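**Q** Got a structure for you, questions after.
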Ligand SMILES: NC(=O)C1=CN([C@@H]2O[C@H](COP(=O)(O)OP(=O)(O)OC[C@H]3O[C@@H](n4cnc5c(N)ncnc54)[C@H](OP(=O)(O)O)[C@@H]3O)[C@@H](O)[C@H]2O)C=CC1
Ligand SMILES: O=C1CO[C@H](CO)[C@@H](O)[C@@H]1O
C-alpha cells in the first residue's frame, strides 16, 4: 500500500516522511504489534533508539511486514540513536552494529547522536555515581563522535546522520568541522515548549527540525512538575472542537504546519490510525497564533541525571526557569 504521508527533503537531497511512529516506552509485548499496525496504515518512519531497550521487538515488527510483502525495505525510513555511553569514536561502529542486529537491518536511514553529553563507557547505560542521582561523565567531545558518525555513512551503514537535543551553539560547533552536515536536530517541541530560537537557527542552516514529545508526553510529569497536561489545555481543546479533530491531531498538525517532522508515540491501534489522519485539515493563521501563545518553557525531557555535565544543552535555561 502506498503511503499518504508527505516527505520533506534534507539539504543533501534525501527525504524523510513528515510523520513517524515514536517507540520510547512502547512496552515489550506491544511494540512489535504497534510497528506492524503503523506500517499497515501507512507510516513509513519508525523512530527508535538503543536506550529504549526495545529495538529487538521493533525489528521483529519491521521484519514481519517486509517478509509478508506489505512493504519493501527501501520504502521504510528507520532512525536510531547512538547512546551517550558510546560516544568514544572507536565505540560508535560497534554500537551501530548492535542496533542493526536488533532491528534486523543492513543499514539505517538516519542515525542520530542522542545527546551531546558523553557518559562513562561500559555496559551500564546509566553509570550512576554513588549518590545515585547523577551519571559518571566521560570527557569525549561530540565533535569527535561526529567524525565517527561520518565514517558510518562512508561505509554505507547509514544513509543520513544527525543530532538530537543539541543547542544552537553545539550545532554550530558540529557544522564548523562537518564534512557531512547534520540532516536534522531532533528536539522536544510542542506548544508548551516551542524552542523558537533553536528552530529558526536550524532552519537557517537547512537542518530539518524533528519534533519529539509533540503531545507533551502526557504519561510523564514536566520538568517543572507544575505544567498542566498539554492535551487538556483549553486552547487545544477548543481548536479540536472547532475542527472536529482530537487534541492529538491538532498538536500533530501544528508541528507539520511549522515545517517540522513529527513523531508521536502510541501502542494503541486506534490512536496510531488517528494520529496519522492529519493531512486533510489545516489550522488557520489565528489557530496557529493561539497555539504559539501557549509557550511556558514546559520541558518534559530534561535529562537531569546529567546536570553538571559541561555539554548539557539546556541545564542553564532550566535552572533560570526554576528561580
Ligand atoms: N530524541 C530524544 O531525546 C527523544 C525522542 N523521543 C521520541 O519521540 C517520541 C514521542 O515522544 P513521547 O515522549 O513518547 O511523547 P508523545 O508526546 O508522543 O506522547 C506519547 C503519549 O501519548 C499517548 N497518546 C498517543 N496518541 C494519543 C492520542 N491520540 N490521544 C491520547 N493519547 C495519546 C501515548 O499513549 P498510548 O501509547 O497508550 O497511546 C503516550 O502515553 C518518542 O516515543 C521517541 O521516539 C521522545 C523523547 C526524547
Ligand atoms: O529519547 C529519550 C527517552 O529515553 C531516554 C532515557 O531514559 C532519554 O534520555 C531520551 O531523551
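Any Cβ shown, glycine's included, is placed from N, Cα and C.
According to TrEMBL:
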type	residues	note
DOMAIN	19-294	domain 'NADP-dependent oxidoreductase'
ACT_SITE	52	active site, proton donor
SITE	81	site 'Lowers pKa of active site Tyr'
BINDING	114	substrate binding site
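On this model, are these features tucked inside or out on the surface, and what's nearby?
**A** The Cβ of residue 52 (active site, proton donor) lies under 8 Å from the Cβ of 23, 24, 25, 26, each of which sits 6+ residues away along the same chain. In the three-state DSSP reading, residue 52 (active site, proton donor) counts as helix.
The Cβ of residue 81 (site 'Lowers pKa of active site Tyr') has 48, 49, 50, 51, 111, 112, 113, 114, 164, 186 as same-chain neighbours under 8 Å, each 6 or more residues away in sequence.
Under the DSSP three-state reduction, residue 114 (substrate binding site) is assigned to coil, being neither helix nor strand.
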